[in-house]
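Below: the structure, in C-alpha cells.
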Amino acid sequence: MTVQEVRLCGLLLQEHFGEVVEKVGTHLLRNGAQHLRAIVHESGISLDLVKKSLCVLVQHGACVFSSSRKGPGSPTQYLISCDRILRILRYPRYIYTAKTLYGDTGELIIEELLQRGHMTMSSVVKTVADRLTQNMEEGRSMDYSEVSSAFSKLVETHFLQRCPPMATAQTTDTTTPATPADPVSTTLPTPESFPDCYKVPHVTLIGRGKRPLSSEDGEDQRNAKKAKLDSETHGDEGVYWQVNFERFHLHFRDQAIISAVANKLDQTSSEIVRTMLRMSEVMTSPTATCTKPLSANEIFRSLPTSYNIARPILDQYLSLLVDDPMEFVGKAGESGGGMYVVNLHRALANLARATLESVVQERFGSRSARIFRLLLRKRHLEQKQVEDFAMIPAKEAKDMLYTLLSQNLAQLQEIPKTPDFAPSRTFYLYTVNQLPTARLLLQNCYKTVANLIERRLFETKDSKRLLEKSQRIEAILASLQASGAEPEQLTEVEEMITAPEKQQLEALRLHINKLDSAENQVDETIFILESYINSTAASTS
C-alpha cells in the first residue's frame, strides 16, 4: 500500500463518513490489523467513537474482523480493505450503469445499497418505492412488485449478491464493538464461498409506495407507522444484500473492449465482439485470459436481427478481427465454421498501452510519443538506432530520451562486452517495461484524484456561507410554492440573493462540475490500468 493510496482513502473516508471514521480508517491502513484497545490507545480517539467508526466501516464492507493469530481467546483483530475504500470513487459510475441498464428503479436500488452498505430486500423495495412515489404525479404511486422485479433482475445478472453469513466466533471478547444486528462477513464475499449467493428469497410484500407526511400533526402518526413497520415480517429476515462490484467491473471491461473495437474498425465489428462477450459471460471465469471458444455458427445465430449480417459477411468480419494487429479476437479451431475467442488479457494490455502512449504524448509531445511507441515495439534500442528509426535529429532525440528516463517512463540497460564495464566497450540500450510503467502511472492517477478532491473541498469550504444562504432560499421557495404563494412573494424571496452573489454561485458550480468531471475521467484511466495489472498478475500465477 503506497502513500498516495492511503492519502486518497483518507480523503474518501472523510468526505463520505466524517473525520472520526477517517482517522480510524487511516490508522488501520498505516498499521495493518489491530485489536480494539490498540486502536484506541494509538489513535487517541475515545472507545465509544472507535466502536461506532468500526461499525460504519464493517457495515460498508470496508473492514473485516477475525480472531487473532494467537488462537481462541485472543482479542478480535480488525483489518481494513484499501481496495474497497477506493471503490467509493466509482460510485457515480455504478449508479449510472444501473440507470442505463434497468432505468430509474435500478438506479435507486444501487444507490440505496451503496449509501447503506447492505440491506434486506424488503427494506430496499419499500425505500425505493417510496422515493419513486414522491416524484410521481398526485394520485399515482409505485407498486412494490415492480421494484421487486427490478431487484430480482439485478440479482439474476449478478449485479447484487447476498452477504455471506457471519462466522460464529468460538469465544466472545469483551472489547468487541457493538456491531449492528446485520450479518457481516469475516472475509471478502465471493460467490464461490457461498452457494446461495444469488438466490432470491420469497418475500411477502404487497402494497404501494407512500408519500412522506409533511404536516406537523402527522408526527405521531408517522412514529406509529414506523413502529408497526418495524414489527412486520416479510420472510427475508437475516438475508442481506450488497452490490457486487466485480460484476460491474466485468461490465466496464467489456464496454471498454467494445468501444476500442468500434474506434479501431467499425460499429458492426464491435457488435460482433459484443455478441461474443454476451454469449460467454456466464461460462468465462472473471480471471480468465480469454473467453470460452464460440463457433461461427453460434455467433451468427446470436447476432441481433436488426443488423441483417449475412453469413459470408460475418466470416469476413471474423477474419478481419483475427488478422488485426490489436488481436482482440483469436481463432481457436476450425470446427463449427471456426472457433473464436476474445483475448481479454491482450485487449486490456493494448488498452493500457494506448493509455500510456496518450499520457506521454500529452505531457511531452508527439515526438516523445513516437520514441516511446518505438521502444515499446522494438523492446531494446541504442540511442543511434532510436534517432534513425524515429527520424529525429540526434540532439532532440537525446533530450527526449533523457526526459523519459528522468520520469521513469523509459529504462537504460547496460550490456558490457568485457567484465570491466568500460564505457567504450559497453552497449547502452533503452527500453520500456509496460507493467512497471503502468504501475507508476496508476500512482500518479491516485495522486491526481486526491488533489482534485482536496481542491473541490477547498472551493466548497471557501464559499460555505454563500452556499448555505442559497440552500436556505431554495428551501423557502420550495415551501412557498408547495403552499401556493403569490408570484410577488416568490420574486421577493429570489431577490434576497444579489446579482454578484448569483454570478459567484454560477462560477463556483461550473468549477465544481469541472472538478467532478475530471475525477470521473481519471477514474476511467485508473480502471484500465488496474484491470491490466490484475489481469497480468492472474495470467502469470
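Cβ atoms are placed via backbone N, Cα and C, with glycine included.
Database features, via TrEMBL:
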COMPBIAS  168-187  compositional bias 'Low complexity'
COMPBIAS  220-231  compositional bias 'Basic and acidic residues'
DOMAIN    8-66  domain 'RNA polymerase III subunit RPC82-related helix-turn-helix'
DOMAIN    150-351  domain 'RNA polymerase III Rpc82 C -terminal'
DOMAIN    356-432  domain 'DNA-directed RNA polymerase III subunit RPC3 winged-helix'
REGION    168-193  region 'Disordered'
REGION    208-231  region 'Disordered'
Please spell out the DSSP helix, strand and coil residue counts for the domain 'DNA-directed RNA polymerase III subunit RPC3 winged-helix' (356-432).
46 helix, 13 strand, 18 coil
On the DSSP side of things, how many residues of the domain 'RNA polymerase III subunit RPC82-related helix-turn-helix' (8-66) fall into helix, strand and coil, could you say?
44 helix, 6 strand, 9 coil
Across the domain 'DNA-directed RNA polymerase III subunit RPC3 winged-helix' (356-432), what is the average pLDDT of the model, as a whole number?
88
